[in-house]
Each structure stands twice: as C-alpha cells, then as structure tokens.
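Over in TrEMBL, the protein carries these features:
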type	residues	note
DOMAIN	290-353	domain 'MIR'
DOMAIN	364-421	domain 'MIR'
DOMAIN	426-485	domain 'MIR'
TRANSMEM	6-25	transmembrane segment
TRANSMEM	101-119	transmembrane segment
TRANSMEM	125-144	transmembrane segment
TRANSMEM	151-169	transmembrane segment
TRANSMEM	181-214	transmembrane segment
TRANSMEM	235-255	transmembrane segment
TRANSMEM	570-591	transmembrane segment
TRANSMEM	603-628	transmembrane segment
TRANSMEM	634-653	transmembrane segment
TRANSMEM	669-688	transmembrane segment
Amino acid sequence: MLQLPLVVTAQVDLLLVLVSLLAFWTRLSHLNYPNAVVFDEVYYGQFVSLYMKRVFFIDDSGPPLGHMILAFGAYLGGFDGNFMWNRIGAEYPSTVNVWSLRLLPAFCGALCVPLVYLLTLELKFSHLSALGAAVLLLLENSLIVQSRFMLLESVLIFFVLLAFFSYLRFHNAPSSSWSRYSWLILSGVSCGAAVGVKYMGLFSYLLLLVVASLHTWKLIGDKTISHMNVCVQSVHRVLCLVVVPVLLYVFWFYVHLSFLNRSGPHDQLMSSAFQASLQGGLSRITRGQPLEVAYGSQVTLRSSVSQPIPCWLHSHKVNYPIRYDNGRGSSHQQQVTCYPFKDVNNWWIIKDPGRQQLVVDTPPRPVRHGDVIQLVHGMTSRFLNSHDVAAPMSPHTQEVSGYIDFNVSMPAQNLWRVDISNREAESEVWKTILSEVRLIHVNTSAVLKLSGVSLPDWGFRQLEVVADKLFKAHSSSLEWTVEEHRYGTSQEQKEREAELHSPTHIDVDRKISFWAKFVELQWKMLTVKQEESEHKYSSSPLEWITMETNIAYWLHSSTNAQIHLIGNPVSWGVANLSLLAYQLLAVVYLLRRRRGLKDVPDGVWDQFVCLGCVCVGGWLVNFVPFLLMDKTLFLYHYLPALCYLYLLSPALLEHAHTHLLSSVTHQRALCVGALAVLLSIFLTYRTFCPLTYGSPELSAHQLQGLKWRDTWDILYRRR
C-alpha cells in the first residue's frame, strides 16, 4: 500500500552550489558588454552568419560542432546573419542580440568550475582540494575572458572535463551497478563532442583512451572476474569510447552538410561534383547536363587540384613567344593554359580521330576508359597538342599547345588516351562531374598536368599546363573533371561559336553521396590551409608557461576601457610550481620504490599515479604538440593545458599535507601558506578585473601599473 506523505530526501553539496553560482556570476554578468566585435568574434561570426543563411563553407581549423553551437546561440536570439564581420571593434546594431551570441560559450565556461570540483572528488581527493581547484578556475582571468565572448575554448574545455569526470565516475562506481554504463556512454559522447568542437580535443581524447586502456588491461588480469564478464566489459568500453565518438564525429558532418546546402564563398575549393550538389552556383549551370560524355560533346575541363587556385583548361588566339627570356626556343604554337575564371575559351570538343564531324550522333556514342580522342578548342578549332619541346616555365616537361601547322617538320601529335582513375570497371563511361580523368599523350606517354606555375606577362599570368612523363601515379594535378557539358549540334565554326555562348540542357538526375562529400571535405580541411601570416599578438608555446605575452581583445574607440587576455599571474605561478613539484616528487618516489622503500601505501601510490596520468599527462598532450606545429599560435591555445594544472595544484598540496608532513606545525604552516596564496590569487583577480571585463575605465597611469611584465602590450590614451 502507498503510504502518505511521500518524502524525498536529498543531499546538497553547498560548496558545489556556491562555486557554481559564483561561476555563473563571473561569466554571465553584463555579457552584452562591450557591444562591439571582440578579437576572434570577427572570425567565428562570419561562419555564424553563413550558418544562418545555410551557405556552405570550410573552416580548416576544426570540425563543425563548435560553429553549430555558436550558431544555435545566435538562432535563439533571432540573429538572421545580416551583419558584416569586417573588423574588430565594429559596433553591433540594435537588431543583433549580443547576449545570445555569447551565451553558450559563457554557459560552458561557467560549468567548467563545478566540473573541476567534481572531477577532483572522482580522483579521490577531499572536498577541500575540490574547492581549491574550483577557486583556481573561478578566479582565472584568462578563462573568464575567453568564456565571455563568441569563442570556442570554453566549450572545448567543458567537454574535455565532462569526458574525464564521466569516465572516472564510471570507473569508481561499483562493478555490480549496470547504471554506471550511462556514465561511460556520456564520456564517449563528450569525447566525440570535444573532437567535434576543435581538433585540439583529440589530444585529451587520446589521453583518456590511454587511461581507459590501462584500466582495461588491469581488468583483464583480474582472475576473480569471469572470462565472459571481462569480454563484456571490454566490449562495452570499446563501443562507448571508440565507436560512439567516431559515429558522433561523422554525425556532426552529416548535420553540417545537410544544413549547409547553398553555394557559398568556398565552393571552388571543392570538386565539381560537390559544387553541383549545392543550391545555386555551379548547380545552376550544370543542372540538367548530359551525364555521359560522348564524341561531339562540348566540355569544360576543371583541374582536380585546388592549389594554387581552381582553374579550367583554356586556350586563346595568342602564340607562345618564339624565344623565351632565357634564350630557349618554343614551338610558337597557340598557348594552352589553365584559367581561374569562367570563360568561353574554356570550351573544348571531344572528337573521334577517325571522323571529321564535331557533333553528337543519334544516339550518342559515349567515350569510355581507354578510348583515344582528340580535343578541339571550341573558339579557335585548334587541336590540343604536345611534343618534344620543353614547356616554358617547367623545362623538364613537354609543352602543350593548340596545334598550328607552320610546315616546319613539326607534325601534329594530338591523340590522347582517356584514363578514368576512379573507374569501377574497365569499360567505364566517362561521366560529367563524377569521373576523374587523366589524359595520356599517345605519342609520348606523358600526362596532361597543371604545373601550378604562373606564366609571364606574355601568358597573361595564367597557369602553365604541361605534359609530364615523370608523374606520380595518384597526383591530383594530373586529373581533370568535366564540369560543364552539352551535346554539340553545330558543325560550322560560326554556328558552333554561337552555340558555345548559349548552352542547352538535357534533364539528368545525379547525386553525390554523403560519404563522398564527407571524405572530400575531410581531405580539404587537412590539405587546403589558409595562408599563415604573422600576427601582432601571436606567440610561441614557451612564452605561454611564464605568460610573457598577452592579447588585446578590445579597445574602446574613445576611452581607455579595454579587454585583454591576461591570466592571473599568481595562479599561473602556482600551476608551474605544482607541475615541477609533482615531477620531482614522482622521480624521488620511483627511485626509492626501486630500492624497495615504499614511502606511501599502495592505495595512495595508485592515487598519486592516477593524478599524474590525468593532470600531468593532460598538460603534456595539450602543450607538447604545439612545439611541433608550424602555424600561428596564440596564448589561448594554452588554456586547456592550464586547466589540468589547476586540477593538479590542490590535489598535490593535499598529498603533501597528508602523506609527507608528519609534524603538526609543518602541516599548519602549509595551510597558512595555502590560504595566503589563495588570498593573493583573489587580490590579483580583482586587480586585473578592469582588463577582464572592460570596466571600470582606468587612467593611463593605472594601466601602466598593470603592466607587470615589460613584454605585455597594454594600450592607453594620454589625456
């Protein structure tokens, strides 16, 4: 029988509630100030606008989940994408809800504080250590600044901390409880989200996999557990920590590609097939084109390589110079180049060498892999030709030209064999957009290739096309794709020229699969890098450790109000000392244990090792890779690594207090010192608050007083 009244008993950790409330207050208060674009908001804002308009883009800095989160915040505030993100400091109009744009990063940044508290408890340290770690994060000025704007570091850190907390909660739960696997699933989801926000999340994800692998290896060696139970638990770990993150990573791109279905500024970096799948742009031109390339087809041939820029096989009524500047001679035949713009001179006609006609038969005769063809330039009727004459800019390769018979014992060599590199069968038909084709010169076995070198003024700075015998088998510079295509119907030159200006369409439905788009987008993100340029506030990883650099995020247009990415110098120093102390203590422990001297019980040793794996390991995997990177780096790249040290500091202090100091006097002295350090951290936080929140405005003299290091760039106006 149901007994009344119904009573619910709950335990509330007041310390956790307190640090959570303070975290939300420090991160979310006055979030719409300043009402202007702040530092990298000018970068991420462009992608948010494109999301609002469902326009496709590529961001080589990371996967799409981070942009989705920022765009969702913008959507909640009714942002329509109509704002020009053209400069830092530009004022937001009244129609833009600034609070909404910055809400989700600030919310994630606030949640990091209670997460560190809980994570410290899962590392089996006391509530006092958990409070210390939470306070270090709470009063870290750089983390507050990075959380309060439309940036992604706070989101990344949130998912990383959530992944470790969830995994350790699973690991520490009783093995008899099946509900603990919900924590393992949450850990896998968090790992997938961390990698989906920024590729930096991959470092922490790999560390978590290492920790989980060590735990699984220990599980396998536990003879008190049955073989079946070991297999089941191992499979669960693989499914949750490997399969789930991989599926989620793919899912982020599925949503990204499904939602962004309109043509945009980055289309030309993608293949013709990818472009044709987007609304507008190339799809408006190619909609209804014939699928199969036939003899008599009129085509434009796009190079499959996107570097230095996308371009199309091109010719014009200008010949190569008789002699180049270096004294070498040429064939003086018509120039063939690669032109990075749509142009009527990009059209070529596929001709059967055994017939004279340049129109498509009824029914059309398709061109197949291995067929020998001729390519006739549509506007000048010159045949695509190559011969044993050195190319103008790449003399180790052959010249490619539009053949002109000068009657100088230089016969035409204009036969090309079609090699479809992505064919599925030997009799594969050459398909518009879908087929990647290599054109092999029959006489010399050289392959038509984009060298990528710009021609001099006589070639109008267009890109050089050559025929290369020493080619790499899978080089994309050798492959060409039919982008625009129509069936030719005019045999006479004048009629054909008119036809080239007015294309006809035949309805054919063709689609590119999600997996093809996913693989292509992944490859482009890894290979097509934006030009790296030196930035005023860029820095090297070694400068981060001692915070020798800062970043000016925003400066008021008429006053000294400003916001800087500057960390709390005292907290920063504590983090570095903790890292050094742990390493020294670990070396001492290991040497003494090697000699058979155990200073701490095995349970405490395991706790100490786990702390090092998570915290010191987390710092290493989030710092060392930047030493190897050849890219523009900034101070905010160090923030994930710094969070691991803030997790380490109080835990190491507790370890020293409990297991290293036997004297009560020494323990009390350590506590007094810790309280003094916490007080100085709070006072330093308050001192730098004007540069963290942008208010109150300081005088030039006060700003000079905040320049604690000569290398910091503090801006001020003298009055």
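Note that the numbers count up from 1, one per residue, in the order the chain is shown.
For all residues, glycine too, the Cβ spot is worked out from N, Cα and C.
Applying DSSP to the domain 'MIR' (290-353) sorts its residues as follows: 3 helix, 30 strand, 31 coil. With pairs at least 6 apart in sequence, the transmembrane segment (570-591) and the transmembrane segment (151-169) have fewer than 3 Cβ pairs within the 8 Å limit; the two do not touch. Away from its own ends, the transmembrane segment (669-688) comes close to residues 132, 135-136, 139-141, 566, 568-571, 574, 653, 656-657, 661, 706 of its chain (Cβ-Cβ under 8 Å, at least six residues beyond either end). Counting Cβ pairs under 8 Å to the transmembrane segment (125-144), the top-ranked stretch among 181-214, 570-591, 634-653 is 634-653. Within the chain carrying the transmembrane segment (6-25), a Cβ under 8 angstroms from the stretch's Cβ atoms is held by residues 109-114, 117-118, 127, 130-131, 134-135, 137-138, all 6 or more beyond its ends.
Break the domain 'MIR' (426-485) down by DSSP state and the numbers are 6 helix, 27 strand, 27 coil. Mean pLDDT for the domain 'MIR' (426-485) in this predicted model: 87.
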